[in-house]
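Have a look at the structure below, then the notes.
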Amino acid sequence: MSSYDENTTPAVCERCLGDNPYVEMTRERNGAQCKICTRPFTVFRWSIQKGGEFKKTAICLTCARTKNCCQCCMLDLSLGIDLNTRDQLLKMAGVKDGEYSKDVVHNAKNEISRIYNADQLDRKFSREEIKDNSEKAKDVLGKITKLVESGSGKGETTKKSKNKVRGADDEKITKEMLVKLLKTLPFNGNLSHLPKNERIKSFFLFGVGDETPNYLIEEFFKDLVKDSTDRSERRMVNAVFVNSKGRFGFIEFSSRSIAEMAASKLNESKSEKIDNKPKLVVIDRTSVRVCWAGKVITSGSDYSNSELHRIAQVVRKQMIKLAGGGGESTKRINEESAAITRKKAKVVHDYKALQADYEL
Amino acid sequence: MAPRKAARVQIDPAAVNSESKPQQTGQVFNIWYSKWTGGENNGREGLVHSKTRCNVELDSGYTRADKHVAADSVNGDKYFCLYFARGCCCNGKHCEYLHRIPTEMDNLPPNVDCFGREKFMDYRDDMAGIGSFSKVNRTLYVGRISNLDGNIELELSKNFGQYGDIERIRVIKSKKIAFVTYRFENQAQFAKEAMYGQSVTGDVNEALNIRWASEDPDPSAQKRNKQEMERSALKKAQKLLEEMNRQRLKEGVKSVKESPTTDHVATDPASTNPPLLESSPSIIINTDSLSALRKLKRRKIIKKHQDSIQTPLRTILADYSSDSD
């Protein structure tokens, strides 16, 4: 049982306490079980506004003290951020476990061990004075500031390195295999010729980075058609799906007219003159080729892992081929292949300049 | 920008009567949870297709909760309407909760979900329910998909995309399940309620079972998650520091402005200075600016209070604000 002390006051942050300095609280001894250590603890209830909803403490004082968090909202008491983020930041800043907060109770999986650990901590805390955590926190904050300052550059590099293409070893792709794939995945499609089938309102994308989230693709196309669409259609993009292993995906627009508009917008943008190729766009720092989808839109889960692996290879080859085959300058080929294979940081840096060209 | 519209009443209150109870599966009806208890299965009826569904485009709008809130301010204390998510709120614009989908600007406490329900330390054994506060989970498990023909990913994207920004979707056809990852945890919480018992294709016999996803065992996914966590933590830290800087500047400016007036009011000249140097976490988070004068008054009282009770309310940012003076 959490030790009960007549003088206990809750450890609650100022945001939870509200503006009124004369907070009225009710105190209930052993009113609930602590959400972390499962021992009963003293529950305090109060409300910020008169007649407003009540706030109450959800974890015991011992647990709150170990984690240095508010008993009510469980945000860090000194930094005001949530504990998951704080712990992550501390890990990144290289602060050792237990230096800032001690998390033994939390780590125990077993309920009995949690209670035991909490009791031990209780005993320990009763011996030592309540220290002002501000010195430590200031130190931590300084470290975090340093981390953020250095981290912005670091984040870029991690982002780049993870776009590696897996399975660079070339397996032979049989002709039948290729034919089968091309039936459903139009790697040689284009955006300039409208498909006759009026029901087709989707684009096929390939070369999509395996980290690119769907919403970025959606946003890219939404931005494209944003200003020119009729207001009646709120939701312009119906659905997006990307298969990260096969590095391909589809985007479905809400109507044919919007799809046509997006196609014409993409065609307008200055780039290659040759029209019968998939259009090159840059989404999330990855070059992506876009063209009209065929009649059938296959789902990624139709393919087995090895098939997806092959598709990824085809995608890579096709990207290189398209970049080189169109009579473009050799520089662009280099950039393109570098973007895909990600071998040299310098070329990738050059490639970034290319991005501006395609920004619409 | 589209004009603000009032939230729509999703179901007619008159249509709710004693007959709209669920089918009797137990002995006692609990009106609070609208569920049967007792009997053979303890009232459990299994998963049935939901009668109502939230149509975000038609139904969302302002309610009492956000009527006077500026458009681009951070929401830290208003919760979303659970009935709206389930498609059965009969209050419309008179509802005390938000009738819209969560966005980036909703920064709610980490120990409750977006509907204000308290989270727990651990997940339930079946991974259903409100979830855990010890892990940020943005991925939902989707089970009982009846029809996997055609492009199921696009269908899922169409359905789940209504309730938030989807980061990725993964379908495992052999097990008839899917995993949907959202951009924000709030959106996953909302979608979990909104899609529970719904169907992907509009089939009445289909009722999706939505739960929290447990950790992806795939090493590449774990690596990706780790990187994502690091990135988001950095972003949050950046925001925090920016907010602190802005606050410090504001405090600095205000202290110059306010000091002559407070001298008139305050009888104790010593008390005007030290409180200003103290900055608190509430200020960092709180975006609606409290007036400096109000803060001063409050601090004076709290200061005395604090000394007597010595709670860990004191904060660290003390010396950070001093250099601006």
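Each residue, glycine too, has its Cβ placed from N, Cα and C.
TrEMBL annotations: computationally assigned, not manually curated.
The stretch that TrEMBL tags with region 'Disordered', taken from the ranges B:1-22, B:67-88, B:133-154, is B:1-22. Non-local neighbours of the zinc finger (B:75-102) in the same chain are 6-13, 16, 50-56, 59-66, 69, 108-109, 112, 114-117, 162-164, 184, 186-187, 189-190, 193-194, 196, 285-287; each lies 6+ residues outside the stretch with a CB under 8 Å from one of its CB atoms. According to DSSP, the secondary structure content of the domain 'C3H1-type' (B:75-102) in residues is 8 helix, 4 strand, 16 coil. Across the zinc finger (B:75-102), the prediction's mean pLDDT works out to 92.
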